[in-house]
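What Swiss-Prot records for this protein:
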{"type": "DOMAIN", "residues": "97-181", "note": "domain 'Death'"}
{"type": "CARBOHYD", "residues": "ARG117", "note": "(Microbial infection) N-beta-linked (GlcNAc) arginine"}
{"type": "MOD_RES", "residues": "SER194", "note": "phosphoserine"}
{"type": "REGION", "residues": "187-208", "note": "region 'Disordered'"}
Amino acid sequence: MDPFLVLLHSVSSSLSSSELTELKFLCLGRVGKRKLERVQSGLDLFSMLLEQNDLEPGHTELLRELLASLRRHDLLRRVDDFEAGAAAGAAPGEEDLCAAFNVICDNVGKDWRRLARQLKVSDTKIDSIEDRYPRNLTERVRESLRIWKNTEKENATVAHLVGALRSCQMNLVADLVQEVQQARDLQNRSGAMSPMSWNSDASTSEAS
């Protein structure tokens, strides 16, 4: 089964009936009332949102918004795990950004607006993020980073993030991002060298 559908099925099976009712209410502006009356599970609702392209594997913002409204941080973590897995199968730069995002989300607190502005996220979008995630600081940070990434596209790099953090005097967080990046680089180099080393050892054994 498609990994994104597996995620949605997992989320759906973890929702209570009252939470499903709340989700249906939150989606009134997106899904018609008659359609919502037919919804019997979270998966029914997610399927409708998929049909309307409101939900996609690469665009989980709405799913995050809905789960944040329910304060289901455990389910938000499943979305994080899904995105981390998707990044692992993507280009190395994408995987590096995902790792940097996790560090920043864990370590940037109430000063997230300053970082968002440094990344050229507009005040209008910052206000919108606050409205969507009134009680979830981590999701505010993550959403602002996502907006920056979608705007910058191929110009979105870890180096750019580190520079923005240092411009905001968030040097400790910048150091943490660089440490994680260096560890990843070392791991990647070790992984690339291992097969060569194995082949070298095998050749030596055969020669002896």
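Note: Cβ is positioned from N, Cα and C throughout, glycine not excepted.
Break the domain 'Death' (97-181) down by DSSP state and the numbers are 68 helix, 0 strand, 17 coil. Across the domain 'Death' (97-181), mean pLDDT in this model comes to 90. Taking the Cβ of the residue listed as '(Microbial infection) N-beta-linked (GlcNAc) arginine' as reference, residues of its chain lying under 8 Å away and at least six apart in sequence are, in sequence order, ASP123, ILE126.
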